[in-house]
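Here is the structure we will look at, set down as structure tokens.
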Amino acid sequence: MAVDLLLGLQWGDEGKGKIVDVLTTDYDIIARFQGGPNAGHTLEFDGIKHVLHTIPSGIFHKNALNIVGNGVVIDPVIFKKELDALKKFNLDIKSKLFISRKAHLILPTHRLLDAASEASKGKAKIGSTLKGIGPTYMDKTGRNGMRIGDLEMSDWKEKYRNLANKHEAMIAYYNVDIQYDLAELEKDFFESIAELKQLSFIDSEEYLYQAQKSGKKILAEGAQGSLLDIDFGTYPFVTSSNTTAAGACTGLGVAPNQIGDVKGIFKAYTTRVGSGPFPTELFDEDGETMARVGNEFGATTGRPRRCGWLDLVALKYAVIINGVTELMMMKADVLSGFDTLKICTAYNYKGEKIEHLPFNIEAENVTPVYSEMKGWKEDLTKMSSADQLPASLQDYIDFLEKELEVPIKIVSVGPDRTQTIHR
Ligand code: IMP
């Protein structure tokens with residue numbers, strides 16, 4: 001049985017949580033492969049809204065097992081909060097949530113380092129979620145990190161102390177005003193680790209291999225989006241992991257020839273949170289309407305998201321990099337009411353019209369070239385089948401499918417599980 005992937009194709013916040021939740025009935029195992037609590041995967045059903053940061057989005061399904069893979073970075077304090085929030089649902093978490101021993105730990109000082117690094121950058125800051133993601137992956141690739149499996153060793157506190165001491169010296173080096181009480185932060189950290197240790201730590205690559213061999217269906221759940229990929233995103237305004245399809249291989253230990261469907265999720269328009277280039281960004285009433293109707297506020301930080309028209313140049317790039325085999329278009333309902341919709345089909349790049357993503361898409365290099373399409377007025381949120389979709393939306397979908405050469409299999413028309421149209 002091949003491992004299917006589900007990935008965000010834009011700058012994150014495409015709606016991966018909802019779709020994993022919708023698709024989980026088809027899978028036995030949901031496995032997160034990268035990122036950490038910078039993610040906020042939102043799920044809505046039975047009138048309740050849930051936001052998950054590290055725990056895979058299959059957790060609410062009775063029969064699905066959930067794995068936090070080696071490529072993920074885990075903050076025990078946030079993890080404990082997530083577990084606490086789930087307690088009232090009686091989900092029997094212990095028997096359905098497993099953590100890779102090779103996943104790295106976010107220490108309190110990683111979060112402080114993130115804040116110090118951002119403060120030192122001034123206007124050039126990345127707009128990080130300040131969850132310690134960058135510093136933790138730096139320690140991973142610098143071969144200094146602490147892993148979940150270390151917590152099973154007797155000397156882990158010594159290891160922790162050495163690393164935290166080094167981090168404190170680094171924080172001082174930044175020479176910025178960061179106030180903190182490490183003793184207080186550590187109290188929380190150690191308590192949370194005690195709770196984390198109640199869960200099963202596994203060699204997840206072996207576990208997944210055996211599961212796959214025995215015919216289990218596995219879905220790898222990505223976090224963030226392709227344009228935030230450390231290699232292929234809008235560097236340096238990116239996150240610190242490989243958010244693209246290859247990240248699932250390294251983040252779970254699944255061989256490339258074992259990957260099956262690659263499900264790519266995108267919004268019918270574009271959003272971005274944090275700093276960095278965004279060619280189709282709107283600063284007018286249209287952008288405000290998208291933000292208001294789409295409730296575009298970060299699930300993790302509450303920051304307002306920047307909004308703009310669909311950038312097909314960037315989307316095509318993401319489809320290619322990931323080898324996307326099927327698409328899911330989210331938040332189509334948010335575009336109801338516009339007379340005209342714009343789709344960016346090319347860039348004017350240094351005086352030349354191009355249709356691929358160049359090295360630098362900063363505003364001084366790139367201006368979007370738009371195609372216009374007729375909008376639709378109908379409220380989509382109560383629609384339940386593809387034949388109910390308005391003709392103009394059907395045209396919008398047809399146009400995208402033709403350009404991207406990949407079928408759009410799901411059109412989402414609202415945040416709830418039930419507001420999902422399969423095509
Ligand atoms: P970091 O991953 O917290 O260091 O943030 C780096 C950049 O990625 C910032 O621009 C964040 O706003 C953005 N980012 C990180 N995680 C997410 C996410 O889950 N959704 C959207 N943007 C994200």
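Using the three backbone atoms N, Cα and C, a Cβ is placed for every residue, glycine included.
Those TrEMBL annotations? Automatic predictions, nothing curated.
What TrEMBL says about this one:
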ACT_SITE  Asp13  active site, proton acceptor
ACT_SITE  His41  active site, proton donor
ACT_SITE  Lys140  active site
BINDING   12-18, 40-42, Arg305, 331-333, 412-414  GTP binding site
BINDING   Asp13, Gly40  Mg(2+) binding site
BINDING   Asp13, Glu14, Gly15, Lys16, Asn38, Ala39, Gly40, His41, Thr129, Arg143, Gln224, Thr239, Arg303  IMP binding site
BINDING   Ala299, Thr300, Thr301, Gly302, Arg303, Pro304, Arg305  substrate binding site
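Structural mapping of features recorded in TrEMBL.
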residue : record                       : contacts (Cβ under 8 Å, 6+ apart)
Asp13   : active site, proton acceptor : Gly40, Gly225, Lys267, Thr271, Val273, Glu296, Gly298, Ala299, Arg305
Gly15   : GTP binding site             : Thr42, Ile265, Lys267, Met328, Met330, Lys331, Ser412
Lys18   : GTP binding site             : Thr42, Leu43, Glu44, Met330, Ser412, Pro415, Arg417, Thr420
Asn38   : IMP binding site             : His53, Ser128, Thr129, Lys131, Ile133, Ala223, Gln224, Thr239, Thr300
Thr301  : substrate binding site       : Thr129, Leu130, Val273
Arg303  : IMP binding site             : Val273, Gly274, Phe297
Pro304  : substrate binding site       : Val273, Ala291, Glu296, Phe297, Gly298
Val413  : GTP binding site             : Ala332, Asp333, Leu380, Thr381, Met383, Gln419, Thr420, Ile421
C-alpha spacing of Gly302 (substrate binding site) relative to the residue listed as 'active site, proton donor', in angstrom: 13
Most crowded position, judged by CB atoms within 10 A, among Gly12, Gly40 as binding-site residues: Gly12
IMP binding residues Asp13, Glu14, Gly15, Lys16, Asn38, Ala39, Gly40, His41, Thr129, Arg143, Gln224, Thr239, Arg303: largest Cα-Cα distance, in Å and rounded to whole number: 33
Among Ala299, Ala332, which are binding-site residues, the residue with the most C-beta atoms within 10 angstroms of its C-beta: Ala332
Sequence-ordered recorded positions from Asp13, Gly15, Arg303 with Cβ under 6 Å of an atom of ligand 1: Asp13
Beyond the site residues Ala299, Thr300, Thr301, Gly302, Arg303, Pro304, Arg305: chain residues whose C-beta lies within 8 Å of the centroid, for substrate: Gly40, Val273, Phe297, Gly298
Gly12 (GTP binding site) and Gly302 (substrate binding site), Cα-Cα, nearest whole angstrom: 14
Spatial separation of Gly12 (GTP binding site) from Lys140 (active site) - C-alpha basis, Å: 23
Where Lys18 (GTP binding site) sits in the secondary structure, as DSSP reduces it to three classes: helix
The residue listed as 'active site, proton donor' - helix vs strand vs coil (DSSP): strand
